[in-house]
Amino acid sequence: MTDLVLKNLCVGTLSNVSLTVPGGQVVCLSGPSGSGKSRLLRAVADLEPHGGTVSVADTCQEDLPAHQWRSRVVMVPADSQWWFDEVGGHFPDHVKADLPSALGFPPEVLEWSVSRLSSGERQRLALWRALLLEPEVLLLDEPTANLDNDSTEAIETWLLEEIRRRQIAVLWVAHDVGQIHRVADAHYRILGTSLERADGSD
Amino acid sequence: MEVIDLAWWKLGLAALLVLALAGTGYLARLGITRNLLIAALRTVIQLALIGLVLEALFASSGFQWIALMALVMLLVAGREVVARQGRRLQGWWAFGIGTGSMFVSSFSVTVLALSVVIGPDPWYTPQYAIPLLGMMLGNTMTGVSLALDRLNESVWRQRAVIENRLMLGQTWKQALEDIRRDAMRSGMMPSINAMAAAGIVSLPGMMTGQILAGSPPAVAVKYQILVMLIITVGTGFGALMAVSWGGRRLFDDRERLRLDRLVKQ
């Protein structure tokens, strides 16, 4: 099983966060802005110095070179970045045929220039870019923040399908109660320096 | 042909022109007046002093004095590299990386040119060694500081891009690839431009000086070609080392981008 296990993780104001995310399940994190949600994800991706241990399928962070860890534990930031002029430059060549229809793009999107993409379009493409790495763990930082309601639900459905099919363990930072209700198998809130399991009904 | 000596008061005429420029800059609020005046004053004092030092050095020509002189030149160049970066690495790293890369590249290229190409006896004869090293260090210093400045500034501005590339499992080298290329280009550009324009747009300073001093142009040209080639080599390797050491230092052993290691001056 590709469980993601956090033990006594300390980063920023958060201390001793312990959490298990089983493969194929979504754990949502919420909390006021500045409470350290993004930093927690960054620590799991090993982008930020932190205390405690993180492991996936019994492999610890330190057991792997950092870039190998991060290709198994892929984070999608709230504001995705694009560094080539064309969209296609950010994707491997062989994927051009299997653009998921749920993303809502015409097939020629890969020839588009990045500058014409809206922030919502970038966000959707960033999710696909991350999934193409076939990660064991996905860390999503408000993945639908720039999307309207219809595409939010379409993206949620597509993501959940992929997550279940590939048995990916997912930490998902979300604000929207409706979204948490739709996607989360478990929901934690950041309260001060620790995580608190939120009641499943809200 | 005897060289016409310049009287000190004639240099004052040139200095008046600098004052005029400074005055104009001040009136037009260009914000360069202060730097311009300080730099002009420094050039006068430093060159006057170096004239005295060189006279003494040429008279003694002991190896230890030449080595001491070279060391002082290197340390001052290292300090200058630090001062020319808008953002620099914290602590001794900025000085260490700048000075180290200049030392390795300009000293080895200078020693090679002296011992193999020019071949004075002894190889460290100060009339050859000091001017050659000075030109090497001066240009390498420019190259290294431009490259490091560009590296640090781009990394600072593009932190989100670099981190996103890291998130997608790229190594720190891959994530820094474009920036390293840019930094190398800005470090090398002055030497490459100088080589491309040499003789057509500009008559290089050393050759001009040699001709003024009475050398046959054919000899002066050969020296100039030598100097431009080794300057480019020294600058290139210096910038290369500085960019790879500096780039490495911007990431830790877990390949995390560590902008906390940069300070703005």
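Backbone N, Cα and C define each Cβ position, glycine as well.
Taken from TrEMBL, the feature transmembrane segment covers B:6-27 (among others).
Below 8 angstroms of C-beta separation, residues 11, 15, 18, 65-66, 69, 126-127, 130 of the same chain, each at least six residues beyond the ends of the transmembrane segment (B:39-59), sit close to that stretch. What TrEMBL lists as transmembrane segment is B:39-59 (among others).
The transmembrane segment annotation in TrEMBL covers B:65-82 (among others). With a cut-off of 8 Å between Cβ atoms, the residues of this chain six or more beyond the transmembrane segment (B:65-82) that come close are 53, 57, 88, 94-95, 98-99, 102-103, 107, 124, 126, 129-130, 133-134, 137-138, 140-141, 144-145, 148.
Under the heading transmembrane segment, TrEMBL lists B:94-116 (among others). Counting only same-chain residues 6+ beyond the ends of the transmembrane segment (B:94-116), those with a CB under 8 A from a CB of the stretch are 70, 74-75, 77-79, 81-82, 85, 88, 123-124, 128-129, 132-133, 136-137, 140-141, 144-145, 148, 226, 230, 233-242, 245-246, 249.
For the transmembrane segment (B:128-148), the residues of the chain that approach it from at least six positions outside its boundaries are 54, 57, 66, 69-70, 73-74, 77, 80-81, 84-85, 88, 94, 97-98, 101-102, 105-107, 109-110, 113-114, 118, 120, 183-184, 186-191, 206, 227, 230-231, 234-236, 238-239, 242-243, 246, judged by C-beta separation under 8 angstroms. What TrEMBL lists as transmembrane segment is B:128-148 (among others).
Taken from TrEMBL, the feature transmembrane segment applies to B:194-213 (among others).
Long-range contacts of the transmembrane segment (B:225-246) within the same chain: residues 89, 97-98, 100-102, 104-106, 109-110, 112-113, 117-118, 132, 135-136, 139-140, 142-144, 146-148, 151-152, 180, 183-184, 187-188, 190-192, 194-195, 198, 204, 206, each at least 6 residues beyond the stretch ends and with a Cβ under 8 Å from a Cβ of the stretch. Look at TrEMBL and you will find B:225-246 (among others) tagged as transmembrane segment.
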Determine which residues of the chain contact the transmembrane segment (B:6-27) at the Cβ level, with the cut-off under 8 Å and only residues 6 or more beyond its ends counted. 33, 36-37, 40, 44
